[in-house]
């Protein structure tokens, strides 16, 4: 598995976790608010549930900086995997939905949404690798500071 030493080649892992936790909290809270306008109820409730779980995982990640316990990082890693799956399914659904409606109703594919979801997937994957590296550092014999 890939392990990194510095987040964005600048920050030590400890401070990178603070940055990732804060950025993810802001993004999750924002996206949870944007999900409010969804027309499909099941998608809305699924998005809200995942957002709330991810917010809790981000808070635990921030706590893991002050109280270095690897158990606090595990919820973020699990929530990250769930988010990867949901983002991938979302992209597939948007492409299939867009192609189907483009053929029958001449509506365009939701290109902006697909691009945002793909970029979000890439950033999430990098953040996940960073948090995994922090997890390994907490569990190993390497000094944390």
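Just so it is clear, glycine is given a Cβ too, placed from its N, Cα and C backbone atoms.
Those TrEMBL annotations? Automatic predictions, nothing curated.
Note that the structure is a prediction, hence the values are computed from the model and not measured.
TrEMBL lists 15-35, 42-67, 73-97, 109-135 with the feature transmembrane segment.
Sequence-remote contacts of a segment are chain residues at least 6 beyond its ends whose Cβ falls under 8 Å from one of its Cβ atoms, and for the transmembrane segment (42-67) they are 14, 17-18, 20-22, 24-25, 28-29, 31-32, 35-36, 73, 75-76, 78-80, 82-83, 86, 131, 134, 138. Under 8 Å from some Cβ of the transmembrane segment (73-97) lie the Cβ atoms of residues 46-47, 50, 53-54, 56-58, 60-61, 64, 109-110, 113-114, 117-118, 120-121, 124-125, 127-128, 131-132, 134-135, 138, all in the same chain and six or more residues away from its ends.
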